[in-house]
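I'd like to ask you about the structure that follows.
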Amino acid sequence: MSHEEDLIDYSDEELQTTDAAATTAAPASNGEAKKGDLTVSGGRPDKKGSYVGIHSTGFRDFLLKEELLRAITDCGFEHPSEVQQVCIPTAILNVDVLCQAKSGLGKTAVFVLTTLHQLEPVPGECSILVMCHTRELAYQIKNEYARFSKYLPDVKTAVFYGGTPIQKDVELLSNKESYPNIVVGTPGRLNALVRDKKLSLRNVKAFVLDECDKMLDQIDMRRDVQEIFRATPADKQVMMFSATLSQEIRPVCKKFMRNPLEVYVDDDTKLTLHGLQQYYIKLSEAEKNRKLNELLDSLEFNQVIIFVKSTLRANELDKLLRECNFPSIAVHSGVSQEERIKRYKEFKEFNKRICVATDVFGRGIDIERINLAINYDLPADADSYLHRVGRAGRFGTKGLSISFVSTEDDEKVLKDIEKRFEVALPEYPEGGVDSSTYMA
């Protein structure tokens, strides 16, 4: 499978595993409903029920297991988000789901709660498989499963990703007592475990891709995903989620599914983040450090994430900040896996307030206290910008993002962002910003 076309298109025989219901499935536009900026379609095969008529004001309305409701209460969640209201009632009926919703709207909880509700754990069997594209995100998802399964003592969850000795994974999987019912991981490591027959997927009931566009866009990662997919049963439930799902990638996602419920929260061109104030500052490369120091001195914030374009710049900026007595840490692919997780936990647990990161932290990472995101280096495209600034203002809370614009390329990206999301980003005011407008 060396050509891209081979990775996108299955043969007729392979399609039988995902399109068994093609003759009876409705076209994607069938039953489309639109309310405000929410578009819902499909996902209503006979005898499977649907979300129609269900508008929940509380998680109890979803009729979830009592143990899950207790865990939800412990987490302090009262009302489901819009995406949770639409997806969960249908997803728990075993319907496939393709969902695009902005950062911070609770997509992770959709598949975590759905799969835990459906799960009947069998010792020594993996029933739920969740894949994502970075180790940090895998680690975070595993923690979400731990959080919501606290009253389900028989449920075992494990996370597998590269950068750590595979022998530890093999040992865990060779012991029936520790064998996980829920597996979370990155495609490369999971594929190695499946190929070596250390991880059996023959009992998988739910197959989940988080940040699915990132995995299916990259040829090598897509190849791993497809190989793993073929090792699972044909009649499983498939769910895919991302903050950005282009028109081009949606058909690729749907090749893995049968008549999915399609949920697109906000039109693709209007993926702005409510509650997040966004500004830019024009300056030269040489002025960046001084301006960053000024901002960190003058702005109020709980936690800040500062994005740079390379591991070298992350290390240099982190060192500079610490020399200026700013308590920062750096997270990027050049740091060992063990150290990355340690630093992630330090930041997550509020032991550090400033994090300098590359795009390894740009997607999916959910740290609720971040309310300031600074693009020290502007990203290469509009989608990456959305994912980065989405780290501030999670779940509809207030936040502030500031982007440094210093080159012609930066100006082009800024124009692309404004065009793509139909917004006009204002220049950062000389007098600064009133903290009450972005501090929750």
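Placement of Cβ uses the backbone N, Cα and C atoms for every residue, glycine included.
As annotated in Swiss-Prot:
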- ALA101, LYS102, SER103, GLY104, LEU105, GLY106, LYS107, THR108: ATP binding site (BINDING)
- 1-16: compositional bias 'Acidic residues' (COMPBIAS)
- 17-28: compositional bias 'Low complexity' (COMPBIAS)
- 88-263: domain 'Helicase ATP-binding' (DOMAIN)
- 291-436: domain 'Helicase C-terminal' (DOMAIN)
- 1-42: region 'Disordered' (REGION)
- 210-213: motif 'DEAD box' (MOTIF)
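Give me the local environment of each listed feature.
DSSP classifies THR108 (ATP binding site) as helix under the three-state reduction.
Listed by sequence, the residues of this chain that lie at least six past the ends of the motif 'DEAD box' (210-213) yet keep a Cβ under 8 A from its Cβ atoms are 107-108, 111, 130-133, 137, 141, 240-246, 249, 253, 363-364.
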Would you count the other CB atoms within 10 A of the CB of LEU105 (ATP binding site), including those on all shown protein chains?
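Here the count is 23.
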